[in-house]
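**Q** Quick one: the structure is below, questions incoming.
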Amino acid sequence: MEATKSSKQNCCNPVKKPGPVSIDHVLLALRETREERDLRIRSLFSFFDSENVGYLDCAQIEKGLCALQIPSGYKYAKELFRVCDANRDGRVDYHEFRRYMDDKELELYRIFQAIDVEHNGCISPEGLWDSLVKAGIEIKDEELARFVEHVDKDNDGIIMFEEWRDFLLLYPHEATIENIYHHWERVCLVDIGEQAVIPEGISKHIKRSNYFIAGGIAGAASRTATAPLDRLKVLLQIQKTDARIREAIKLIWKQGGVRGFFRGNGLNIVKVAPESAIKFYAYELFKNAIGENMGEDKADIGTTVRLFAGGMAGAVAQASIYPLDLVKTRLQTYTSQAGVAVPRLGTLTKDILVHEGPRAFYKGLFPSLLGIIPYAGIDLAAYETLKDLSRTYILQDAEPGPLVQLGCGTISGALGATCVYPLQVVRTRMQAERARTSMSGVFRRTISEEGYRALYKGLLPNLLKVVPAASITYMVYEAMKKSLELD
């Protein structure tokens, strides 16, 4: 601490705290003349206006952000364009661009001063930490060090206003300490390619619970929308005869009408929040434990280790909520006879406990866990390959936008699910049967009595779920993030 304070006193250029902030204060902090600033802004405009047309459109801004290697350029381009285009004529001329630069630099200087409470003309790690804590953001020492290191371009341990400005100049949102931290978190921590198993970026933020709310609502919406396909898939998986989709649909309708297609969906929704929470926290614990064992920071562990940590976290989450999954399957596969109503959840759960014992709630758990690592590995490898192909052949080396990433994730997820689908069929059959059976026994009996094709019963409705589920989850999640002010 003392070393940092000494460094701060030696390296910072003290600046008196002014009253109302003006461009003159910005020039003083940057040690820049008006002419030099004009030239700098004009040069930046020309950089974006690479075709010398005299104005900027959204495509030019997006191209410029990609050239500057700014992550999320596809998204910020639209938002930056909207903020700059003051007269809403669909183009940004130099005067509009200049007005944005003036407003943004003044805004950044104000918050720079708010963090620099000692008015030394620089931000120290301690000052930044104090501001984050006051904003309700928990941050570990190593995260703070990475934050400072990312912004501190000359590596002197402190952040000058020029470095602060460069980091945030093209950030189109209001520069509050919460937004700035969230921006850094996304820029530096989120890597969709390496997070195919569990996405990161929720670290120790004050609004962490809101991410779970957004994810929970998105998951509930997508599961409800695809519930009929899920019920159809489960019924086809347990069929001993040739599984025909039309007959299965008729059976569902006969037994429950429209509501029959949504049987078990309530439990499916209930699983979302605890499964996501357990998976996230287990992932963080496994990353920390593996990083400590390898003598590395958890942020520096490689893709393979992340894949393993994600798989282990998925296994823990799956095992924790597995009884709910088994009861859901029993509800979905229950056949009403002679007008007998489907039993209530409590009655069905009690019946399983009394007649089959507590172990029955974990029937099929082993094949379920067995498929996690292969699925994650195939999903990750396919995702990375598809993203690279899209970058090379479709986007001309630009970074994939959210829709391209969604498409890559959808295809890779479908491929991974198909490869481990036989394990899913075996799991469902073990869950649905009252008799105690082993995984190998179900495999052998299925193949000998029905052939290898039986291991893929219900695959079509399972694949048909993928696109709408991914699309609905993405759209609802993005909408919820805006509603909860997470963006």
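Each Cβ is built from the backbone N, Cα and C atoms, and glycine gets one as well.
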**Q** Among Glu143, Glu163, which residue does Swiss-Prot name as a further Ca(2+) 2 binder in the site formed by Asp152, Asp154, Asp156?
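**A** Site partner of Asp152, Asp154, Asp156 for Ca(2+) 2, according to Swiss-Prot: Glu163.
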**Q** Can you tell me if Swiss-Prot, going by its topological domain labels, places Leu251 on the same membrane side as Leu386?
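**A** Checking Swiss-Prot: the two residues are separated by the membrane.
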**Q** Between the transmembrane segment (406-423) and the stretches 264-283, 311-324, 364-383, work out which stretch tops the count of Cβ pairs under 8 Å.
**A** 364-383
**Q** Given the model, what does the mean pLDDT over the repeat 'Solcar 3' (400-483) come out as?
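**A** In the predicted model, the repeat 'Solcar 3' (400-483) has a mean pLDDT of 86.
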